[in-house]
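Working notes for the structure below.
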């Protein structure tokens with residue numbers, strides 16, 4: 001029997017202490033002046049020496065996002081290598097929690113070893129939340145609303161194959177393949193007040 005598990009989590013823009021919970025379980029924060037995600041001194045050297053993902057992989061990330069955005073009146077995102085470097089740095093730590101605001105996470109587990117990366121699994125899971133979006137409360141689909149958020153203009157993503165026993169799993173769990181998908185966005189979406197910013201940024 002084939003068994004796989006996908007976990008998804010999103011974080012609000014400018015959250016003071018991000019946590020690996022669904023964005024809609026938390027109150028949005030106020031929109032403020034933001035700049036692209038900073039690279040801290042701890043990881044600056046590592047990021048400077050990190051190779052960019054191959055263009056074929058970048059194209060997959062952008063296609064998965066922009067096909068969905070095109071259906072909801074949002075312009076196509078462009079690739080942001082700074083955000084991608086930061087995503088790769090975080091993904092490689094295999095920690096199931098957020099590193100910053102304006103970020104979507106997904107994890108895919110399989111009991112079969114050496115399963116290949118599949119970007120559409122991560123982004124596809126976020127996009128699949130669309131039917132859960134509540135246009136009255138502007139809640140229920142935090143990952144999807146970040147994907148289609150109109151004010152967001154660029155994205156940088158990374159995928160990393162984590163060892164068993166990471167990403168919140170136990171070493172005794174059956175998962176032999178653990179893929180971690182991380183995307184960072186600028187400008188971050190999911191900001192408040194909801195009734196002001198969601199109607200102009202999320203087109204169902």
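Glycine residues also receive a Cβ, built from the backbone N, Cα and C atoms like all the rest.
Straight from Swiss-Prot, the features:
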- 1-16: signal peptide (SIGNAL)
- 62-185: domain 'SCP' (DOMAIN)
- 80: N-linked glycosylation site (CARBOHYD)
- 118: N-linked glycosylation site (CARBOHYD)
- 134: N-linked glycosylation site (CARBOHYD)
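Around the Cβ of residue 80 (N-linked glycosylation site), a 10 Å sphere holds 20 further Cβ atoms from the protein chains shown. Across the range of the domain 'SCP' (62-185), the DSSP-based residue counts are 39 helix, 30 strand, 55 coil.
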